[in-house]
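S.K.: I'd like to ask you about the structure that follows.
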Amino acid sequence: MLPYGRQSIDGDDVRAVCDVLRGDWLTTGPQVAAFEAELARWTGGVPCVSVTSGTAALHTAYVAAGLGPGDELVTSPLTFVATASTATQLGAEVVFADVEPDIATLDPAAAHAATTPRTKVVTAVDYAGHPADYDALRKVTDAAGALLVSDAAHAIGSRYRGRPVGSVADLTTFSFFPTKTVTTAEGGAVAAIDPRRLEAAARFRNHGLVRDRALLRHPDEGGWHQEVTAFGLNYRLPDVLCALGVSQLRRLPAFRARRAALVARYDAALGGLDGLAIPARRAYADPAWHLYPVRVRGGRRREVYDRMRAAGIGVQVNYIPAYWHPAYEDLGYRRGMCPHAEAYYAEQLSLPLYPGLTDADQDRVLAELLAILT
Ligand SMILES: *Cc1c(COP(=O)(O)O)cnc(C)c1O
């Protein structure tokens, strides 16, 4: 089965990991800072804190934003559920606002309509790698007195009006799961513009521990002393995985170029075809594509999914609207809330896209798809 996404691991990646395994640190060591510094080269210099997953990154970012009971968070339903569920777990109320019908990112007008005096965070998702409209969303958060968060799990290396993703929102989260553009096996990161929020994120991923003498409530306890001033968790990304991350980030320009070439080939082969729409894009966006999301018209998405899978091509659907999950249904969220997101979901199909996909593999995907549609 050709997967819809997959990691690319080369000899440099393997060597980087093995070097750490033979060294003195397995978990927090020099590779953590090296990875965070390398990542900041992709966020326009905005500093980053590594964590154990994209989900942990969202949880940590929301804690750094001060999100809690009594607060509301506005976000898109067309995302992996963790964008919302991490906020729900913090006791905040998630308000789903609809997406732009063509690019499937959070619609600024819908987000604006969903804000209330209790809105603390608006989280955009750079669906498939295409950035949301951040300037328009910034107006929404400014008017609401809220923070702008970007779930950029799909979008490392993408640009919005020439600015790198990671530099446009107050807090940006990344995922380094194997299907994503860059992998550390499991892993994630938070980029934070405000140094106090960066510090809050760094503490939260390390149990909330404080060692800086100037910040201790009981500074004369002894040299061993450290304090928990606010509760945290252990979300530390190990040195072994950070070494893989450094090596992978060095390959990101090549990953991005190969993905762009595959996207151009898909566009050329599928553009203008009856029964299918290729991904839309905005003039403001320079996407580093993570997914290639087509829309299958005529109510045939399920049929095309089943037939592609039967032909050994691992197409995927990204995503069922988050509030369709039974856990949200049980909280009273009802279908029909975000009609654009639901209409997009009903037609969406992700075709295989990853750097190791050869032209011949892609030709096979296209041949199967065209045989079904024409
Ligand atoms: C993958 C993903 C996440 C979660 O990341 P994990 O590393 O799998 O925890 C969150 N949001 C979006 C949009 C994702 O694609």
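The backbone N, Cα and C atoms fix where each Cβ goes, and this holds for glycine too.
Curation does not apply to TrEMBL; its annotations are automatic.
Checked TrEMBL, it gives:
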ACT_SITE  Lys180  active site, proton acceptor
MOD_RES   Lys180  N6-(pyridoxal phosphate)lysine
S.K.: Any same-chain residues 6+ apart from the residue listed as 'active site, proton acceptor' with CB under 8 Å of its CB? Would you list them in sequence order, or say none?
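M.R.: Once residues fewer than 6 apart are set aside, the residue listed as 'active site, proton acceptor' is near Gly5, Gly54, Ala153, His154, Ile156, His290.
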S.K.: When DSSP is mapped onto helix/strand/coil, what comes out for the residue listed as 'active site, proton acceptor'?
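M.R.: The residue in question, the residue listed as 'active site, proton acceptor', is coil (DSSP, three-state).
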